[in-house]
Amino acid sequence: MGENMKKKVVIIGGGAAGMSAASRVKRLKPEWDVKVFEATEWVSHAPCGIPYVVEGLSTPDKLMYYPPEVFIKKRGIDLHLNAEVIEVDTGYVRVRENGGEKSYEWDYLVFANGASPQVPAIEGVNLKGVFTADLPPDALAIREYMEKYKVENVVIIGGGYIGIEMAEAFAAQGKNVTMIVRGERVLRRSFDKEVTDILEEKLKKHVNLRLQEITMKIEGEERVEKVVTDAGEYKAELVILATGIKPNIELAKQLGVRIGETGAIWTNEKMQTSVENVYAAGDVAETRHVITGRRVWVPLAPAGNKMGYVAGSNIAGKELHFPGVLGTAVTKFMDVEIGKTGLTEMEALKEGYDVRTAFIKASTRPHYYPGGREIWLKGVVDNETNRLLGVQVVGSDILPRIDTAAAMLMAGFTTKDAFFTDLAYAPPFAPVWDPLIVLARVLKF
């Protein structure tokens, strides 16, 4: 192959999506020049692990899935760390690195520059002791701050996944945790009320849960001392802002890339953007929902990795389509696990479906076998076609049920298909009527 055939691929962002894209291009086209520019010193890191480092279950260095050397030496990727892309134009990018600025040419460009924490516009967010949980160094900074200032009182602002995981991280260490949630319940965008009610029951045993309160300001002299809401004030030596994230679309806008209705970069099923030879993947990109076909922005790691893989494949000439997402997600607080896949009842009604639902309580083992725990499942079905639209699970041993339900949704199962799915059974693992099968039966067909 002649020198003129070697393409230059530039990838902005060295997280899950960026490194997946880079690795895929190099595997298919080893002779191509693949450059990744990562603004921090962390590549292929696992931000989802931050709460567990704060809890003391792991260490920050373990949050890097592969060290940079693996990508540079083993995979031949030209990886630039602490390299911030400051300008993007047709055919080149300008990068700030090593104290200077440099331009690099591209034939193909991938935006994989993720999302950033949404910091509320309130007084005191810049005080010492106020943190976001965004990158592995945040975990280290939080641990060090806790030890240095002997933190006992923690306030978490936000009731989403990160808020709940951070609440566990501090409560498990015996800290006094207050959680301030603007909405009427936690995880309200992801789950229906019956499901979050069970989680909240557990939360309230370990956390001062303040629902429907708006944070007005954070106060302190040298460092944070208290959080003031429209309903009261709470002592705090440490505050976590878990108030959501937003896609980093500024660089894409410079190039005139179309921003989708969700506020993230619009992509097609090949992860191509509206600009030729420009792709986007991961938390910066929107995709389609498998059930509704609508545009959605679901910034979660498994999809981000796959989007990167798909972008890399298509750049290297091996056509591959990304089918979209179900928004499958799972988290836990202490021993209560909660997960979902597909649409909630709330979402399905909003989409115009005529739905039937069922909410059941079951056990994870037969009654005669020790170790059985409670599990609750909610199913949402299209009333006309009996097609499964979504499943939510809360309690214990939820993962096999959520993952099985996700596969069912991907395959377009009806309640009857779900009911007749031949699941495994033995007393140490599950009851003879698995909770998921019982749910299908109660949903009727």
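Including glycine, each Cβ sits where the backbone N, Cα and C put it.
A quick note: this is a predicted structure, and the numbers were derived from the prediction, not measured.
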Site-mate of Ala16, Ala17, Glu38, Ala39, His45, Ala46, Pro47, Asp283, Ala301, Tyr425 for FAD in Swiss-Prot, selected among Val85, Val88, Val336, Val391: Val85
All-chain count of other Cβ atoms within 10 Å of Arg75 (CoA binding site): 17
For Ala16 (FAD binding site), the three-state class that DSSP assigns: helix
Spatially closest candidate among Arg27, Cys48, Tyr65, Arg75, Lys361, the listed recorded positions, to Asp283 (FAD binding site) (Cα to Cα): Cys48
Taking residues Arg27, Ser44, His45, Ala46, Pro47, Cys48, Tyr65, Tyr66, Arg75, Asn305, Lys361, Trp433, Arg441, which bind CoA in the record, the widest Cα spacing (Å, whole number): 50
Those binding-site residues listed as Arg27, His45, Lys361, Arg441, and which of them has the most Cβ atoms within 10 Å of its own Cβ: His45
Ala16 (FAD binding site) and Arg27 (CoA binding site), Cα-Cα, nearest whole angstrom: 16
